[in-house]
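Engineer: Here it is, the structure, as structure tokens.
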Amino acid sequence: MEEKYKEPLEYEKVSKLLTKYAIPSIIAMLVSALYNIVDQIFIGQGVGVLGNAATNVTFPLTTICTAIALLLGIGGASKCSLELGAKNSEKATKAAGNSICLMAVFGISLFIVVSIFLTPLLKFFGSTSEILPYAHTYTKITSIGLPFLIMSTGMSKLILADGRPKASMFCMLIGAVINTILNPLFILFLIWELLGLL
């Protein structure tokens, strides 16, 4: 019984497992989609149309982060699941560890690249001279969180592979709550900097 409790994927019905894993994953993805909507609402109310345009110009950075996170997170989770299925817990741990290390390396590297080449990147993404000051200020602040975005998104896949879909979902929910709380503060700092108060 203890073995079954530890490894429900070995004995549980597929329909039950699908429900157990799919529902938290769907909720997590919906919450992730709401991040951008909440951002746009706060920025639209606090800064205006140019603020919304600036965040849309910088959105490719979020897409790049998500792509890196999913590449390493799902790749690591797949390898981890295969090794757990083969009863190689040591190799599974190593796969998860390698994935986390790569997430950290890519996250920090991306932050450094963005910090050094911020203005050329924003122009490449389509920023106009009118939008550039807003986009520059916004990205300068939010780029600090790029490594954390990669880590949180990627690690949620590793947690899912470990057989804890609810824990993965709660990680995303906590992120959404923090995002909602911090958004007004960041918008206030953005307005202050644009007005020359910082």
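Any Cβ shown, glycine's included, is placed from N, Cα and C.
OK, TrEMBL features for this one:
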type	residues	note
TRANSMEM	21-38	transmembrane segment
TRANSMEM	58-78	transmembrane segment
TRANSMEM	99-121	transmembrane segment
TRANSMEM	141-160	transmembrane segment
TRANSMEM	167-192	transmembrane segment
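Can you walk me through where each of these features ends up in the structure?
Structural biologist: Counting residues 6+ beyond its ends, the transmembrane segment (58-78) has Cβ neighbours under 8 Å at 36, 95-96, 98-100, 102-103, 106-107, 110, 114, 121-122, 125, 135, 138-139, 142-143, 146, 149-158, 160-161 in the same chain.
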Engineer: Same chain, outside the transmembrane segment (141-160) by at least 6, Cβ under 8 Å from its Cβ: which residues?
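Structural biologist: Hits for the transmembrane segment (141-160): 21, 25, 28, 32, 58, 61-62, 65-66, 68-70, 72-74, 76-77, 80, 96, 99-100, 103-104, 106-108, 110-111, 114-115, 118, 167-168, 171-172, 175, 186, 189-190.
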